[in-house]
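A.B. asks: As annotated by Swiss-Prot, ATP binding site applies to Gly11, Gln12, Ser13, Ala14, Ala15, Gly16, Lys17, Ser18, Thr19.
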Amino acid sequence: MRVPQTIAIDGQSAAGKSTLGALLAEALGYLYFDTGVMYRALALAALRAGIDPDDEAALSELAHQLVIDVTQPTVADGRQYTVLVNGEDVTWAIRSPEVERIVSRAARFPSVRREMVRQQQLIGQRGRVVMVGRDIGTVVMPNADLKIYLQASLAERARRRAAELRSRNIDMPLEQIAAALAERDALDAHVSQPAADAIILVNDGLTPAEEVALVLNRFVYSEQALENGH
């Protein structure tokens, strides 16, 4: 009997994946791993090397040259994890506006994604990790001990996204946010589905603390989960 050592969190856009992942990892003493940081690390390396973010061949070659690692925080400066590229701490450097501008372009190529997934899987194999991102339960960690797929109503997700934007001094009409999320949902319906054995968690009306408590009590520490070897 054991507590899940690998936890995969996927779900709809703005459903609260990162919030749940970070709080759950903190409660368990696990690594919180937002897989998007891998692509940010690659984008930073491309900027430094002068590589065009639209050049798939060059980006793929660069991705294979990089060793990207994500660990528990090594510095008490507010970070949730430490990101290393070939041994260099780039945790804050990958958050620059320059990286932000090109990361989605660098991440869209299949050959790049395959290499990033390979490196994500290496981190997942260590265990004691809560991994958050797209296709985590189906592609990156299909054998994860616990898979959670988050869903919430469009209205709830729009409200949360609006609050997040306001915290960054960005004011956007709720209707515009909802329309953008609906468009994203339509795109995701063709490319991103929950794993067959994922727990579908609808979190409308739940605070982050309530959601973490629910997951811990019902799916992590429950008698049934332990009896199943999870």
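Glycine is no exception: its Cβ is also placed from the backbone N, Cα and C atoms.
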A.B. asks: So for Lys17 (ATP binding site), how many other CB atoms are inside 10 Å of its CB?
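C.D. replies: By my count, 21.
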A.B. asks: For the recorded ATP site, whose residues are Gly11, Gln12, Ser13, Ala14, Ala15, Gly16, Lys17, Ser18, Thr19, find every other residue on that chain with a C-beta no more than 8 angstroms from the centre of their C-beta atoms, and list them by sequence position.
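C.D. replies: Apart from the listed residues, the neighbours are Leu20, Leu150, Ala152, Arg157.
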A.B. asks: Cβ-Cβ under 8 Å from Thr19 (ATP binding site), same chain, 6 or more residues apart: which ones?
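C.D. replies: Non-local contacts for Thr19 (ATP binding site): Pro208.
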A.B. asks: As a test of the contact definition, list every same-chain residue at least 6 positions from Ala15 (ATP binding site) whose Cβ is closer than 8 Å to its Cβ.
C.D. replies: Leu150, Gln151, Ala152, Arg157, Asn203
